[in-house]
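Peer 1: Take this structure first; my questions come after.
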Amino acid sequence: MIHKIMRSRDHHEPHRVATTLELYFDLVFVIAIAATASGLHHALAAHHFSDGLIRFATSFFCVWWAWMNFTWFASAYDNDDFRYRIVTMVQMFGAIILAIGINNVFEHNDYTMILIGYIVMRIAMAYQWFRAAKSDPERRTTCLRYAFGIIIAQLFWAIIVIYIPHLFNQIFLFGALLELSVPVWAESANKTAWHPHHIAERYGLLVIIVLGEGILGATNAITPLFHSNEAILTEAFPLGLGISALMFSLWWLYFKMPWGEFLHSQRTLNNALVYGYGHLLIFIALTALGSGLELLADSVKEFGTMAEVAEHSTNAHSVSPLFAMTALSLCTAIYLIALAFLRWYLDKDTNYSVIGFTLAIAATFLGMLCVYLGMPLQWSIWFTVIAPIAMISFYKTKPIHLD
C-alpha cells in the first residue's frame, strides 16, 4: 500500500469497476460543472449570447479535459498505493482552484485562476506519467510523450494567459487542438492498457453528474408553480412531469447503448478517440440543458406558462417561454445528434443512425414550434420528449452487431 510498482493494468481484467477514490474525485467536478452551467444561465438570461456561449465552451473544455486526463490514466495505471492517492489529492485541489476560477471567466473573462488550477493538476499528472514510464518499460515512450506533451501544452496556456490574455478566446481553439493531439501522439507509440468497461462506466458516471444539473433546473422550474394553489394541477404537474420525462428519457437512451461492449469489441485508437472526444458534445449538451431548464424557471417566474403573456413584456432582458424552449430544444437536439453519431461510428449501422439523426432534428423544432403557436409550456415540452422516447423504442428492437 505504501509503495507499489506502477505496472500497467490488464485491460481484460474481469469485474473492473470505478474505485471509491475515482468517485470522490468526481465530486470536485460536480462543483466545477455546476459553475459552468450557472455562468451560462446568467449570461443567456442577460442576453449576452456570444460572450456567454464562448466562455461556457472554453471553461467547460477546461473542466472536461482535466477530468479526461485523470480518468484515462487511472484506467491504465491506477495501483491505489500511498503515492498515487496523495498525488490524486493534489489533482483534486487543483480542480477545486479550477472550479473557483470559472466565475471569474464569466464575469471578467479572466482565466488566471483556471491557469493556476491547471498548473497544480499538471504537475501532479506529469509526475504520474513519469512514474508510469519508469515502471512500464514496454510503454515508456508513450508515458514520456504524455508527460512532456502536457508540460508543453501547459507552457502554451501560461504564455497566453500571462502575456496576451486579451487574445485568449481567439487562440483557444489552437490550444484545444494542441491538447487533443497529445493522446494521439502518445498512443501512436504504444497503446496504454485502458479498460473498455471501466472507461464506459466512468463516462456513464459523468453523464449522471451532468444530468444532475437538469434535475436542479427542473426543480427550480416548477417550484413557483407549486406555491400557487391554482396552478398545481393545471400547470405544475404537467410541466414537472414533462421535464422529468425528458430528463429520464435522456438518461435511459444513453444507458441503452452498450458502450463497454462497443469499446471491447474493437479496442482501437480511433474508436477510443471518437468515443472519448465525441462525448464532449454529450456532456456540453446535457450541462447546457440544465441552464436551459433554469431559463425555463426564469420564464415561469416572470410569465407563468403562457407564451402570449411574454409578448407584452417591456423588460429588455426578459426570458420568454419561446426563448427558454428554444434553448431547451437545441440542447436536446445536440445531445441526440451526438449520441446517434457515436452509435453509428462505433456500431457501423448507418440506417439506424440516420433515423436517429432525423428524430434528433425533429426535437429541435417541435417543442419551440408549439410555444411559438401559443401552446402553454406544460404541454409544449411533451413534444420535445417525443424524440428521445422514440429513439429508445427504436433501439430496443435493434440487435447489436459486435464483430
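Cβ atoms here come from the backbone N, Cα and C positions, even for glycine.
Sharing the record's features from TrEMBL:
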type: TRANSMEM; residues: 21-41; note: transmembrane segment
type: TRANSMEM; residues: 53-74; note: transmembrane segment
type: TRANSMEM; residues: 86-106; note: transmembrane segment
type: TRANSMEM; residues: 112-130; note: transmembrane segment
type: TRANSMEM; residues: 142-164; note: transmembrane segment
type: TRANSMEM; residues: 170-186; note: transmembrane segment
type: TRANSMEM; residues: 206-226; note: transmembrane segment
type: TRANSMEM; residues: 232-254; note: transmembrane segment
type: TRANSMEM; residues: 274-293; note: transmembrane segment
type: TRANSMEM; residues: 322-342; note: transmembrane segment
type: TRANSMEM; residues: 354-374; note: transmembrane segment
type: TRANSMEM; residues: 380-397; note: transmembrane segment
Peer 1: Under an 8 Å Cβ to Cβ limit, what residues of the same chain, 6 or more beyond the ends of the transmembrane segment (21-41), are close to it?
Peer 2: 52-53, 55-56, 59-60, 63, 66-67, 70-71, 74, 78, 80, 85, 88, 91-92, 95-96, 98-99, 102-103, 105-106, 202, 205-206, 209-210, 212-213, 216, 287-288, 290-291, 294-295
Peer 1: Counting Cβ pairs under 8 Å that sit 6 or more residues apart, are there three or more between the transmembrane segment (274-293) and the transmembrane segment (206-226)?
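Peer 2: These two segments touch.
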Peer 1: Per the definition of 3+ C-beta pairs under 8 A with sequence separation of 6 or more, do the transmembrane segment (170-186) and the transmembrane segment (53-74) touch?
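Peer 2: They do touch: at least three Cβ pairs between the two stretches lie under 8 Å.
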Peer 1: Can you work out which residues elsewhere in the same chain, 6+ from the ends of the transmembrane segment (232-254), have a Cβ less than 8 Å from its Cβ atoms?
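Peer 2: Result: 204, 207-208, 211, 214-215, 217-218, 221-222, 225-226, 282, 286, 289, 293, 296, 300, 304-305, 332, 335-336, 339, 376-379, 381-382, 384-385, 388-389, 391-392, 395.
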Peer 1: Among 86-106, 322-342, 354-374, which stretch has the most Cβ pairs under 8 Å to the transmembrane segment (53-74)?
Peer 2: 86-106
Peer 1: How about long-range neighbours of the transmembrane segment (86-106): same chain, 6 or more residues beyond its ends, C-beta under 8 Å?
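Peer 2: Those are 21, 24-25, 28-29, 31-32, 35-36, 39-40, 42-43, 52, 55-56, 58-59, 62-63, 66, 70, 112-125, 127-128, in sequence order.
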